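Asks: According to Swiss-Prot, the protein carries these features:
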BINDING   Gly73, Glu74, Pro75, Ser76, Thr77, Gly78, Lys79, Thr80  ATP binding site
Amino acid sequence: MTEAEKIEVRDITRIERIGAHSHIRGLGLDDVLEARAVSQGMVGQKDARRAAGVVVQMVREGKIAGRCILLAGEPSTGKTAIAVGMAQALGTETPFTSMSGSEIYSLEMSKTEALSQALRKSIGVRIKEETEIIEGEVVEIQIERPATGTGQKVGKVTLKTTEMETNYDLGNKIIECFMKEKIQAGDVITIDKASGKVNKLGRSFTRARDYDATGAQTRFVQCPEGELQKRKEVVHTVTLHEIDVINSRTHGFLALFSGDTGEIKQEVRDQINNKVLEWREEGKAEINPGVLFIDEVHMLDIECFSYLNRALESDMAPVVVMATNRGITRIRGTNYRSPHGIPIDLLDRMIIIRTVPYSEKEVKEILKIRCEEEDCVMHPDALTILTRIATDTSLRYAIQLITTANLVCRRRKATEVNTEDVKKVYSLFLDENRSSKILKEYQDDYMFSEITEKEEDFGIGGGSKRRLDIGAGDAEAMEH
């Protein structure tokens with residue numbers, strides 16, 4: 001074999017990130033909003049999924065806005081999974097913004113501004129406009145360049161459809177667009193007359209035999225029918241936040257790319273609201289209320305809850321879905337306790353969807369789906385042991401053991417994860433219960449001891465007791 005024949009071909013590996021909820025494709029409901037047992041990556045939680053399906057249906061119809069839904073349940077019961085399923089079910093047309101309750105705390109902008117931006121990111125505006133386009137197959141292009149090499153270029157293009165053929169004179173700007181898109185004879189193109197934008201749709205089927213080999217990106221399309229000049233309705237979908245950023249004088253549209261939007265004045269927002277409502281009255285635009293999902297909502301403080309009370313009553317408000325795993329706990333920023341750490345007046349505006357713990361059978365099904373998602377072949381006995389670990393500890397811990405067990409399996413050059421692999425990673429990585437047990441056993445060896453309830457009420461820790469042992473003389477000196 002000669003040197004020229006020794007060619008090594010390597011396939012380019014496509015990197016796909018596998019997230020905690022990347023296996024979810026929707027809510028797993030049928031046409032009458034009944035939950036299937038296992039569908040679209042969702043398992044169990046039939047009542048919660050059915051309730052979420054009703055909310056999705058209402059959002060699709062666009063009839064409701066400013067409603068608030070709370071997903072409440074114990075940890076590892078699929079609250080975030082239901083929210084991800086809602087986002088997948090709504091599709092890309094409906095704005096869906098996801099954020100955590102702790103994301104609003106920043107030194108650059110106020111808490112209410114962060115919430116306001118999140119709310120306006122969740123409201124879409126469909127703007128309709130009619131444009132005049134020229135659509136046809138390129139028969140011939142002639143471009144005349146100046147002899148000196150500098151100056152304006154002029155040219156002609158011949159376009160045809162199945163019914164007609166016409167010549168067009170080209171200006172310098174259109175010629176540059178043609179050269180940028182690499183337009184040649186046989187291409188099917190569209191030219192926007194208003195903006196001068198040239199779009200290449202593909203190659204004509206009549207030119208399919210021009211080349212013996214073509215790249216994968218080459219697309220063959222039919223020659224257009226009818227007139228060359230057509231009127232076409234174009235729909236642009238933008239969010240209110242994007243319109244805010246573009247109209248904010250301090251930053252302008254470049255802030256859309258940098259992400260550094262800063263605080264936007266309320267006057268700008270009011271003007272945009274009035275303009276969008278005016279467009280809606282004229283039939284130029286449609287308002288599409290989306291969904292704002294706030295995870296760990298108990299991390300918001302009393303000022304944020306007060307702001308949400310007013311924001312939810314606005315006409316320009318999306319459907320807000322919140323999730324929390326807290327029971328009766330303290331409202332952040334106050335000394336009062338309430339259910340889920342949310343004030344009673346805001347709870348009164350919510351409808352609450354409860355999630356229940358998964359059964360052992362459902363946990364096994366979830367682990368099986370995660371094994372498929374992570375390309376891990378697991379023996380049935382190993383899956384049974386992993387299910388038992390999940391019921392004794394937590395579902396998240398068991399899911400994390402799948403990847404580590406798969407790595408141990410590959411280390412011994414096997415293709416199937418067995419019980420020994422699962423036992424090995426279980427002994428290597430501690431769960432929360434075993435870790436707490438070790439900490440209680442060896443807590444005196446650690447730097448700080450456990451804080452008792454009495455110490456917590458006084459706001460002191462184990463290492464602060466010595467500071468309270470003030471002598472009588474010191475106390476008198478402090479009084480004077």
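From the backbone N, Cα and C atoms, a Cβ is placed for every residue, glycine too.
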Asks: If you count CB neighbours within 10 Å, which one among the binding-site residues Gly73, Pro75, Gly78 has the smallest count?
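Replies: Sparsest of the binding-site residues Gly73, Pro75, Gly78 by Cβ contacts within 10 Å: Pro75.
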Asks: Suppose the ATP site is Gly73, Glu74, Pro75, Ser76, Thr77, Gly78, Lys79, Thr80. Which further residues of the same chain have a Cβ inside 8 angstroms of that site's Cβ centroid?
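Replies: Near the ATP site, beyond Gly73, Glu74, Pro75, Ser76, Thr77, Gly78, Lys79, Thr80, sit Asn325, Thr355.
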Asks: For Lys79 (ATP binding site), just count the other CB atoms lying within 10 A of its CB, please.
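Replies: For Lys79 (ATP binding site), the count of other Cβ atoms within 10 Å is 27.
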Asks: Select the most exposed residue of Glu74, Ser76, Thr77, Thr80, where exposure means the fewest other Cβ atoms within 10 Å, treating these as the binding-site residues.
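Replies: Each of the binding-site residues Glu74, Ser76, Thr77, Thr80 was scored; lowest Cβ tally within 10 Å is Glu74.
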